[in-house]
Amino acid sequence: MAEKVDLEEVKASNGVAHRDEPLANGLTGQKKSGPEPLSKRVKRIVRANLLVILTVAGVIVGVFMGLGLRSVSLTKTQEIYIGFPGEILIRLLKMIIIPLVVCSLVSGAASIDPKALGKLGGWAMLFFLVTTLIASSIGVVMAFIIKPGNVIMTKTTGNDGMTDEVPAHKEVVDSFLDLIRNIFPSNLVSAAFQSYATSYKLVSRNNTMNITVETVPFGTDQDGMNILGLVVFAIVFGVALRKLGDEGEILIKFFNSFNEATMVLVSWIMWYAPFGIMFLVAGKIVEMEDVGKLFASLGKYIACCMIGHAIHGLLVLPGIYFIITRKNPYTFLWGIFTALATAFGTSSSSATLPLMMKCVEEKNGVSKHISRFILPIGATVNMDGAALFQCVAAVFIAQLNNTSLNFIQVITILVTATASSVGAAGIPAGGVLTLAIILEAIGLPTTDISLILAVDWLVDRTCTVLNVEGDAFGAGLLQFFVDRTSKHEEVAECIEVRMDGDLSAATPEHSPLIDKRGLEGTKSDFSAEKESAM
């Protein structure tokens, strides 16, 4: 009876069903369904990719809406009203950032073994560092090939109303010290909306003979989330909860539940994203002053950045993913298309983080432990697009000032862009702030950043798309690494089991029956010897 039950279970597990039992597709085991009708197939594909289709439609409609409204003379107030639905999308996404980042990192760090956590973090940082360095190199090479700064133009282009946005002078050392200070925030509550920044004041000292004036740095709090400090705290706090063992389980469950509830909110926000993106794109096109003049003077610079971003995003990152995993990288890209379109619309990698988590988990099969641990780190640390744009901008400003860059200065641009992109805020125009560090490092005037600001609204969008794409590919590669490691461990366990089996086969069995027969054999031998002796 038991054998019969086992056979039936095996048949059921192998997909063999009884005649009367319904299969998963709702049909009985007697007949197989015919080919799916084209209308049903189209409907199924549209339903599966509805959000992506709506997002693409939103971007296209937004472009045409913006171009159409440019012909109408709108007031500044009316332009602001057009962008209002898009503003709501950005506010919704920013609202969800802090609970998502903190809870996902705490639960992620608490659920991963500390050794595996260190290994995962090390692989992720290596991938982010290498890809950022490659992006910086592409930016420098593209700038030297296209030569965007070798154009006849006045330096006043784009200065209208933007001069006050040029970052103040800051020493390179102080910039990196600020980065370290922000890793360790003095107040977690203020880190949610403020970060540390160095300013300068002149201090005069009266000596007996002369008066010396010294520029002394002092700390100030500037508006903007200190996401780097929050990320570091959340990871360390998660590791600490794991160390507590059973005592920390309650708090880990709380953060897991909080995280799941946050992702439900994200899934609701995702369906508003196409509508918000449409008005974001339309509003930005309406706000543009003179498009023809802008592209005539800075067209080569824009083309240089966009071509560099396209090379890195469509060839380099997919190439790395394919070489390591042997999987189709463009299928992976299609899975995160909604997040990429949101990145283009919002121009903020931090605001795109909730949607990116949802996409890589549901479309690309990345586990929650990996996506919710790596993606917040990537949104803070990995800035491929920003590094590439900063290198192009630095060479562009050097060419504009007729300054020839030597080999040491080029290496300085590469290293500084890679290092400073770590501290670039995941907010719109965050890369422009760190561009000043590179210009200071190679001795170029920071006032020329006003030229970059004139077209930053456009270039920054492709930067953000590249940034979040790099984060997603990093998560996909780590998932592959974890899967391969687990397979190796399973194979090693199987080999151990087989070796144990061979060892047990090689050793003689001590069966009572064998022992008894052996004993009888020895007795008979002994009696035979006894008889022969007699």
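From the backbone N, Cα and C atoms, a Cβ is placed for every residue, glycine too.
For the transmembrane segment (48-68), same-chain residues at least 6 beyond its ends with a Cβ under 8 Å from one of its own Cβ atoms are 270-271, 273-286, 334, 337-338, 341-342, 344-345. Per TrEMBL, transmembrane segment is recorded for 48-68 (among others).
Annotated transmembrane segment per TrEMBL: 88-112 (among others), in sequence order.
Taken from TrEMBL, the feature transmembrane segment applies to 124-146 (among others).
Outside the transmembrane segment (224-241), and at least 6 residues removed from its termini, the chain residues within Cβ reach (under 8 Å) are 97-98, 101-102, 105-110, 114, 117, 179, 182-185, 188, 191-196, 248, 251-252, 255, 350, 376-377, 379-380, 423, 425-427. According to TrEMBL, the transmembrane segment annotation covers 224-241 (among others).
What TrEMBL lists as transmembrane segment is 262-286 (among others).
Residues or ranges marked as transmembrane segment by TrEMBL: 298-324 (among others).
Below 8 angstroms of C-beta separation, residues 51-52, 55-56, 58-59, 62, 86, 89-90, 93-94, 97, 100-101, 225, 227, 270, 273, 276-277, 280-281, 318, 321, 359-360, 363-364, 375-376, 379, 383, 425-429, 457, 460-462, 464-465, 467-469, 471-473, 476 of the same chain, each at least six residues beyond the ends of the transmembrane segment (331-353), sit close to that stretch. Annotation source TrEMBL lists transmembrane segment at 331-353 (among others).
Sequence annotations record features per position, and here TrEMBL assigns transmembrane segment to 373-398 (among others). For the transmembrane segment (373-398), the list of distant contacts is 100-101, 104-105, 108-109, 112, 117, 120-121, 124-125, 128, 131-140, 142-144, 148-149, 227-228, 231, 234-235, 301, 304-305, 308-309, 312, 317, 349-350, 352-353, 356-357, 360, 404-405, 413-414, 417-418, 420-422, 424, 426, 430-431, 434-435, 438-439, 442, 444-445, 448-449, 451-452, 459-460, 462-472, 474-475, 478: same-chain residues at least six beyond its ends, Cβ to Cβ under 8 Å.
If you look up TrEMBL, you'll see 410-439 (among others) marked as transmembrane segment.
What TrEMBL records for 505-534 is region 'Disordered'.
Among the features that TrEMBL reports, compositional bias 'Basic and acidic residues' is placed at 512-534.
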Query - Top partner of the transmembrane segment (298-324) among 88-112, 124-146, 262-286 - counted as Cβ pairs under 8 Å - result: 124-146
Report summary line: Residues outside the transmembrane segment (124-146) whose C-beta sits under 8 Å from one of its C-beta atoms, at least 6 past its ends, are 300, 303-305, 307-308, 311-312, 316-317, 320, 374, 377-378, 381-385, 387-392, 394-396, 399, 410, 413-414, 417-418, 421, 466, 470, 474, 477-478
